[in-house]
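Colleague: Pasting the feature list from TrEMBL:
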type	residues	note
DOMAIN	40-289	domain 'Nucleoside phosphorylase'
BINDING	Arg80, Arg124, Ile125, Gly126, Thr127	phosphate binding site
BINDING	Gln203, Arg205	substrate binding site
Amino acid sequence: REKFIHLCNPHLEKMKEDILYHFALGTGTHDFPTLFGDVKFVCVGGSPSRMKAFIAYIAEELGLGSPGCDYPNICAGTDRYAMYKVGPVLSVSHGMGIPSISIMLHELIKLLYHAKCSDITIIRIGTSGGIGLEPGSVVITRQSVDATFKPQFEQVVLGKTVIRSTNLDEQLAKELMQCSKEIGQFNTVIGNTMCTLDFYEGQGRLDGAICLYNEEEKLQYLKNAYDSGVRNIEMESSVFAAMCNLSGVKAAVVCVTLLNRLEGDQISSSHDVLVEYQQRPQKLVGYFIKKSLGKV
């Protein structure tokens, strides 16, 4: 049976109009079913330029666009997020960190609900710091864990702490892993992803403006993370997993590692190498979408 988006908010039914403020879209001004009703795959990532590059890439892969074709930003009325669409694929930027992606997801999930979309797959593609992996390795997340390695997302709601599950769709992770094997171009693993609230101290870096621990303590922490199953670190996966779970949406996180944090804190690869690394999640997810649509 087709699976529709589930909204965990009974108050929305009482609203005459729903304004998605940070998208500059609204049910009173836009026909959501016409604009987005055919969407089956949503890919989200931090950078607007990266998500525009992804939509151009997937358009060419699916034979739905010509080289050099420009794709308009659906959210041009705001500078908060960028959104692009081609065929059944929606590409949306989410900024950096849990607060930014959380705001985007609230409005994205409502958009998909108002558009009456069904059987949706949402995949976050991005970059991360690896632990015990060669730079350029791709990590498909099994679970998102917090900075104490617990598979949970903790949030304060009305002054009370709420804890939500951060498991991701196991079958989807296996399908993505199989796609990587078929591509055969880069190392890919399934592992836990640590989601932190900060890029520097929160990830045990020694190169921030503030650092009150030593290198030995940092390395011990990262080794403990590795021993717990963590293979990479980023800043969005926990709330992403939690919100997709509550909304009944199949979700995955696919991130490339830009460095091995056991060997340093600063990214030293050349610009050209980093550009190629950042294309790896796009290639993997693009292949998955093509295969899902019977175009491989």
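Just so you know, glycine gets a Cβ as well, placed from its N, Cα and C.
Fair warning: this is a prediction, and the values are worked out from it, not measured in the lab.
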Colleague: If you draw a 10 Å sphere on the Cβ of Arg124 (phosphate binding site), how many other Cβ atoms land inside?
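Modeller: I get 28 for this one.
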Colleague: Determine the Cβ neighbour count for Ile125 (phosphate binding site): the number of other Cβ atoms within 10 Å of its Cβ.
Modeller: 26
Colleague: Given the phosphate binding site residues Arg80, Arg124, Ile125, Gly126, Thr127 in the record, what is the largest Cα to Cα distance, rounded to whole Å?
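Modeller: Pairwise Cα check on Arg80, Arg124, Ile125, Gly126, Thr127 gives a maximum of 20 Å.
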Colleague: To the nearest whole angstrom, what is the C-alpha distance linking Ile125 (phosphate binding site) and Gln203 (substrate binding site)?
Modeller: 20
Colleague: In sequence order, which same-chain residues at least six apart have a C-beta under 8 angstroms from Gln203 (substrate binding site)?
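Modeller: Correct list: Gly129, Thr196, Ile233, Arg261.
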Colleague: Please give me the CB contact count at 10 A for Arg80 (phosphate binding site), counting all chains in the structure.
Modeller: 18
Colleague: Over all shown protein chains, what is the count of other CB atoms within 10 A of the CB belonging to Arg205 (substrate binding site)?
Modeller: 18
Colleague: Would you mind reading off the Cα separation of Thr127 (phosphate binding site) from Arg205 (substrate binding site), to the nearest angstrom?
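Modeller: Cα of Thr127 (phosphate binding site) to Cα of Arg205 (substrate binding site) measures 17 Å after rounding.
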Colleague: How long is the line from the C-alpha of Arg80 (phosphate binding site) to the C-alpha of Arg205 (substrate binding site), rounded to the nearest angstrom?
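Modeller: The Cα atom of Arg80 (phosphate binding site) is 28 Å away from the Cα atom of Arg205 (substrate binding site).
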Colleague: Please report the distance from the Cα of Arg205 (substrate binding site) to the Cα of Gly126 (phosphate binding site), rounded to the nearest angstrom.
Modeller: 20
